[in-house]
Amino acid sequence: LKPHSSTMRISTTSCLCPFLVCLCFIQRCSSVSHHTPAKVPTKNQTKLANGETEVHHRPKRGWIWNQFFVLEEHTGPDPQYVGKLHSNSDKGDGSVRYILDGEGAGSIFIIDEVTGDIHATKSLDREKKSHYVLHAQALDRYTEEALEPKSEFIIKVQDINDNAPKFPDGPFVATVPEMSEVGTSVLQVTASDADDPTYGNSARIVYSILQGQPYFSVDPKTGIIRTALADMDREAREHYTVVIQAKDMAGQVGGLSGSTTINITLTDINDNPPKFPQKNYQLYVPESAQVGKPVGKIKANDDDLGINADIKYSIINSEGANTFSISADRDTKEGIISLKKPLNYERKKSYTLHIEGMNTHADPRFSYLGSFKDTATLKITVGDVDEGPVFSIDHYIMDVYENAPRGTEVGAVTARDPDSRNSPVRYFLDSKEDDERYFRIDEITGVIRTTKPLDREDITWHNITVMASEVDNPSLLSHVPVTVQVLDVNDNPPEVAADEEIILCESSRPGQVIQTVTAVDKDDFANGQRFAFALPSQLPVNPNFTLKDNEDSTASIIARRRRFNHLTQELYELPIVVWDGGEPSLSGTSTLTLRVCPCQRHGRIRACQGEAFLSSAGLSTGALIAILLCIIILLAIVVLFITLRRSKKEPLIISEEDIRENVVTYDDEGGGEEDTEAFDIIALRNPAAAEELKFRRDIRPEARQHCGLLRSRRSPSVDLDDVDVQEFIKQRQVDADLDTSVPPYDSLQTYAYEGQGSPTGSISPLDSPGTQSEQDYNFLDEYGPDFQRLAELYGRK
């Protein structure tokens, strides 16, 4: 086969017959006419080894070869012939050398340098590598010049049927509902074949069933498994094993095959109704059976599974449904029979129960089979048991008046033996409850009596338990609760309810209500709902207060005089007599304490002596005394410490040559500018007395001090009578400046003089006229706390 040009690349098309060879030739020619690679020389040019091209003026030349396919799995003794490379430049004289490189060149594929024949030296596997890409080159044997450009070609490994079909995911597990129709899809299986699917029938697979007939079938092309038999019953057979075969070569003789296993399980549907194994059952239940507890079981069988086997049990006759109940156990599917009411052998010795069992999840497809339920009869026999005594009622409530004498009858309980022999009964009290023994009971009659007088105000209700036993069988005990209410009698006098002392404002007026009081009574509401109040009649009339009965079980305390003073009298006591409305009526006297306190406007308390303050602070008298003692001890320690320090600093010998500064202070302010008697200024007017102070040297200076001379300034309001004082100060200043014996320290001399002549007059009441004014100063009470003192001084008459 001769190509059109030496620059043509080798095609990968497989030519299996002359017709295909022609088609390949036409395809190559068309591809060359439309595609010219950049690296391939143009017509009449040759690509040299150094990359240059050389123009030749010679006829057309090119590669010549035959076949480039190699059969896989070749096992012959000689290398397998692949094909032949030949250039039209080869004249057969051996001057052309053929070179082969690329995938497998030299190891798998070898070339005869002279003839250009290519052989495969190893057995190839198409499933591992389907083709190899190689490059061919023709060189001048003598000059090593390239006679033809380097060309690429492909050696394709031709497939043979050497791989059997495989099921990569097997074995398989599948399910299908029982009673399914014929042709119901179960599962699709797919086999794979490693052979070439484009070549022959090596990878064409056909499916068939080897095991599982006549229940299932398989589609030979798709591998879908379907049911082949109708009405397959899970209860008859649940598991099936199906073996599917996949064969290549379209199932022809000589093809390879593989198989897989499918485990198919029929799933359950509700196609079976419940059934009781028998129609009649018997059950023995003792009359002592507890209410709410199971007494027996019954079960209906169902061949289905899961929710399809769930059964609902019910008692369909009223005789049994009134005394017994039935419920289904989820795990065992049994009907649990329980007792709803106590059994009594003496009243009814047997019961008949009609029990029905029905599926809860019926399938309408099988309604033609009938109703999915069944019935059975259960006869229950009640057993006789020796029972304890039975009280006439379940709870006794009795009452008795308080203060009733010992042995008073409270009530009686009654119990009897429910059995047919009617054994005598004995009564007694539970000793664990009645520790103080307020009651006792007659063991034969059941009468309960008191053992001591009862007090309603102490305990209003008593709860006791009475027990009864048969004389013939003392071990059988019955209990009944008994509640005894203690009824009230009017045995407690009332008293005024006063949780704390009453506050009385100093500014109270005659007729003003100070406090409204109520009364309390320990007796119950029937004897204490009405109270009356009054002051003691045996006492003289109270000049300070009176009492008004409001006739609504309250009373008001009213002031009788104007103004109270806590400094004059702080506490007042007021006895009050109160009567209740009981039969007979009782009375009691209570003494109230009223504390006088200064008040602000609208009666708000301003202060109530030190007691109120201390009580609000939460401090007791003992705590206050302890605090005061601690303060006194601390002050004593401080005074002692200061005294010791001063005694250490005092020198043993007082030097007369003490040259420290002397500061003389006169720091008494007196009673004001007009008060000249509070401080004696004779020392200022007496030069001799001041001269003694000038030469005092009894204090030795510790540090050098510099102080400026304090100059007093004259007040503008100084009168002419005080000129001698001013002259005295000026004279002392001049003497201090001219005195040569004064040490070189500044001397600070202070003459505290305020002056006089204030234009403001005195407001002291000491010089006020002593005549009593007729003016009413009660209006000062309305001006608030700032005028409270003036109201106390001028407001009283």
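Note that Cβ sites are derived from N, Cα and C of the backbone, with glycine treated the same way.
TrEMBL lists 1-31 with the feature signal peptide. According to TrEMBL, the feature domain 'Cadherin' maps to 87-167, 168-276, 277-391, 392-496, 496-613. What TrEMBL records for 623-644 is transmembrane segment. Positions annotated as region 'Disordered' by TrEMBL: 750-776. What TrEMBL lists as compositional bias 'Polar residues' is 757-776.
The DSSP breakdown of the domain 'Cadherin' (168-276), given as helix, strand and coil counts, is 3 helix, 45 strand, 61 coil.
Residue counts for the domain 'Cadherin' (277-391) under DSSP, helix first, then strand, then coil, are 16 helix, 53 strand, 46 coil. Residues belonging to the domain 'Cadherin' (392-496) score a mean pLDDT of 89 in the model. Break the domain 'Cadherin' (392-496) down by DSSP state and the numbers are 0 helix, 47 strand, 58 coil.
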